Structure formats: structure tokens, C-alpha cells
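Asks: Provided herewith is a single structure, encoded as C-alpha cells, for subsequent inquiry.
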Amino acid sequence: MRHGDISSSNDCVGVAVVNYKMPRLHTKAEVLDNARKIGEMLVGMKKGLPGMDLVIFPEYSTHGIMYDTKEMYDTASAIPGEETAIFADACRRANVWGVFSLTGERHEAHPDKAPYNTLILMNNQGEIVQKYRKIMPWVPIEGWYPGDCTYVSDGPKGMKMSLIICDDGNYPEIWRDCAMRGAELIIRCQGYMYPAKEQQILVSKAMAFMNNTYVAVANAAGFDGVYSYFGHSAIIGFDGRTLGECGEEEMGINYAELSMGLIRDARRNGQSQNHLFKLMHRGYTGVIHSGDGDKGVAACPFDFYKQWINDPEGAREQVESFTRSTIGTAECPIEGLPNEAARS
């Protein structure tokens, strides 16, 4: 893991993250014009960072947030489509991989159902290698249709990569699912705003450590007329230590070289902090000393996860028993969301 140079090597993937200024757009033409700006930024960055293998742009960087529902549906993208064609041209010209946000992607039943909040991982030939739909839209505000699975794909130089989006990162299950699929770099694109700066910086570092994985965070910056975005795009080592981090500046860039050999060695030879291995070999020292085998315990000890798999409605009722039974809350109502007062 190296930070401070502009190079890379056969062992190291050069990764850049961008504090892209949150745009405020209204039409398809404006979205396409902004996509071209992203493409030109990518090409320009490669001139300054010759080792850059992968550049990551934040959630909402292409479309901005469409606060008007009609605009949100009217500007929703097909994938592949006009926006991805622009990105593909830029990736080919720069010989660089990219992660790009499409908010939204048209639902299969468009316009009868809400769009998805989608990320794509595109290779240096302009081909879409991974398309990820946000599993945990930021309710109650975001109106995206939720996705239903994570993915792992071979990225530049063969590094295993997963995409997650913003509020996804507040759920440890998503990180663990990516890591247990073999992800070596989990890419979190976000459009996170104040007041959650401290928590979001903390959670990405903690999840890198807990999942023995590199993490790259690309976050928006600036003010879009509604929210103020705190930036702090960052690249984090698999030991949870920050390699490089932007401040709050608009269009800030940070860059680091991520060694594949180091993370693979750590996962193979690490012991006390090898969380992925230890989770599936629980208590192996005591089990071995007790004569009960040489692998530890593999069985899941967590009742909640067992119930969630086998009885999702029952698991939901259990959570509602100590939270609330309606989507909304009468003490801070949001239009369109049922709450206890409305129900009564």
C-alpha cells in the first residue's frame, strides 16, 4: 500500500477518488453535457496520474439529485445507453477503468415502477464489467427501487472488486457479503451530506478493518441548493488506516497504489486480525485443545440471521416490536408515508 506517488506497478492497482461537485440538473441534455465533463476530467486525470488504473466518481455525479419526481423519471437512463457511451469513449481514450453513477437506471417496468440507483464498473475497453443496484436506498428521502444482490468482478490487473452505494455502507451485512465473495477492494460511491460526516468517515475505516479489505470512497462536495456535501473521498488500507483523503474541496482528487500481493498475503497468513477466516473457524484454539477437531466451529451462532433467512416476515415483526409498526412517524411526518396517526 503506497501513497504519495503518481505511479503504479504490476502488483499495485492505481486508484483515484474524486470529490465531484454535486450538480443540479433538470433535463436529459444537461445530464449528457455533465457526463461529457466527467469523461474529460477522467482523460485529464490520466495525464497527471500516469499510474492510474481506476478512477471512481461519487453517487449522483452524473445526474445530480432530481428533487422533482417527473424530472427523475424523465432523465432515467438505459444501461447501456447514451451516458455509458460517453464514459466508454473516455475510458478507451485514457486506457483507464472507471466507476460511474447512474441515478437512475430505468426499471424494467418503467415508468410504472421507480428507477434504480445504479453504479457501473467499466473497463479500459469501455465494456461494463459490473452493474450494481443500490440495495438500501436512503429512506425516507430516496425513492429508488431497491436492488437485491452484491457482486464481485475482476478489476484492473485482476483485483477483485465490489460496488456499494452510500447508505449501503451503514449496514455491515453488505460489506461482509462482498468480502465473503472474495472482494479485495470495496468501492463505496456516495452523495453524503452534513450532518453525517464524522459517522461516515468512521464507518468506512471500520469496515475496511473488520473485513480485511481495501475501501475506496468517492463522495460529492459542494451545495446543490438543498444539501451541503462534505467530500472527504478517501482510500483506506485493509488494516483500516487511511492512505489518502480529500478535504471538503470541490473536485478534489486523491490517489493511492493498492498492492494485491499484500492483501492476499495478509488474508493467507494473518492470525489475530484475520476476521474473515476467524468467523468461519470460531474458537479454533480451544476446540483443538479440547480434541473436537482442528478447524474450530463453522455453524452460524446468530439467531437473527437464521430467522431472517427462514422467516423474513417474522424477523420484520420482531424488529417492529421494539421500533415501530408503521413506515412513517407521527412526530415527524413525511408526505406520502403512512404513520401511526394516519393509521388511527
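Each Cβ is built from the backbone N, Cα and C atoms, and glycine gets one as well.
From Swiss-Prot, for reference:
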DOMAIN    13-260  domain 'CN hydrolase'
ACT_SITE  GLU59  active site, proton acceptor
ACT_SITE  LYS134  active site, proton donor
ACT_SITE  CYS166  active site, nucleophile
Asks: For GLU59 (active site, proton acceptor), list the number of other Cβ atoms lying within 10 Å of its Cβ atom.
Replies: 29
Asks: Since the record lists LYS134, CYS166 as active-site residues, which of them has the fewest other Cβ atoms within 10 Å of its Cβ?
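Replies: It is CYS166 that, of the active-site residues LYS134, CYS166, has the fewest other Cβ atoms within 10 Å.
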Asks: Per-residue pLDDT averaged over the domain 'CN hydrolase' (13-260) comes to what?
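Replies: Per the prediction, mean pLDDT sits at 98 for the domain 'CN hydrolase' (13-260).
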Asks: To the nearest whole angstrom, state the Cα distance for the pair GLU59 (active site, proton acceptor) and the residue listed as 'active site, proton donor'.
Replies: 10
